[in-house]
Amino acid sequence: MSDDFEVVRPEEQAGDEKDRDLRPRSLVDFQGQTKAKENLSVFIKAARERGESLDHLFLIGPPGLGKTTLAQITANELGVDFKVTGAPALDKPKDLAGILTTLTERSVFFIDEIHRLKPAIEEMLYIAMEDYELDWIIGQGPGARTVRIPIPPFTLVGATTRAGMVSSPLISRFGIVQRFEFYSHEELASIISRSASILEIEIEKKAAIALARCSRGTPRVANRLLRRMRDFAQVAGKSSIDEMTVAAGLKQLNIDGLGLETYDRQILRSIIENYSGGPVGAETLAISIGESQDTLEDYYEPYLIQSGLLQRTPRGRMVTLKAYEHLGLNPPKLGDGQEGLFD
């Protein structure tokens, strides 16, 4: 995998812990996701006024858009404790029981990658979410018995990048469902300016906008790129980040004006050069670029589709006219077997 993809990859990676100081701690400071934020503000206020736990919250969206941050903010706004784990860490029922039995009244329990929960763990959650009780089996064999243990009312916040892999029974137990969208350039520019202020580095407005355009609609990528631009500016002896610094830095990282890196362009070129622009199946495409199908679908395709460069069709993946233009290639003429490609 290319080094430039490590910079624009939306999933959390080593070094991103430095961004924790950049994360907003209240809904007022949280940029973007306006509708979700407005709705959540109402639900939180109502729950606080009634002295009740907030309904269970389900967050859906690509990685790096702020799902974990919003879960933490939810706990902050409610004034309650916050516990966090990932679904892969809940390997056995006792792992989940150990957390549920230590929750405090109305606390927020966040499970990331909730689509990866094992069936046995998921079934334990059903009763905990609905009745605030935990079924625990004591003993083995014919003498085994089930004891129901009460737990304090709590709010489960589940986050996923793959909602289609979450079972219907689990989804139905969430009272609030919010979908995260990619951020606009304006929203990302605001996030970059705020982060630059916290990092005590000046960034020109035009430079912030240029950086926002290359951040793949993702705050995590924007903050990561900002740190890299700070490095380039510092080594160049500059006291601020200007457009020239951003342009030179992005070129050095092999990131183009749309935020595409080497593998993005390789995907588009592979479809064009090897499959006449498509359609081509995801499995075949993943093999052709030497990546797993999950990586292709989770980390590459969402932004390529959102940017209007790639289409998912019932027959497979197809590039768009915009992809040809962006790569500086001539699109096929009608009659070359691509009659429906740009319809």
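Just so you know, glycine gets a Cβ as well, placed from its N, Cα and C.
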Listed in Swiss-Prot for the ATP site shared with L22, R23, G64, K67, T68, T69, E130, D131, Y132, R173, R220, one of Y183, Y263: Y183
All-chain count of other Cβ atoms within 10 Å of Y132 (ATP binding site): 15
DSSP-assigned states of the region 'Small ATPAse domain (RuvB-S)' (184-254) in counts, ordered helix, strand, coil: 50 helix, 4 strand, 17 coil
Euclidean distance between Cα atoms of R312 (DNA binding site) and Y183 (ATP binding site), Å: 21
Integer average pLDDT (0 to 100) for the region 'Head domain (RuvB-H)' (257-343): 88
Distance in Å spanning the most remote Cα pair of L22, R23, G64, K67, T68, T69, E130, D131, Y132, R173, Y183, R220, given for ATP: 37
For L22 (ATP binding site), the number of other Cβ atoms found within 10 Å of its own Cβ: 22
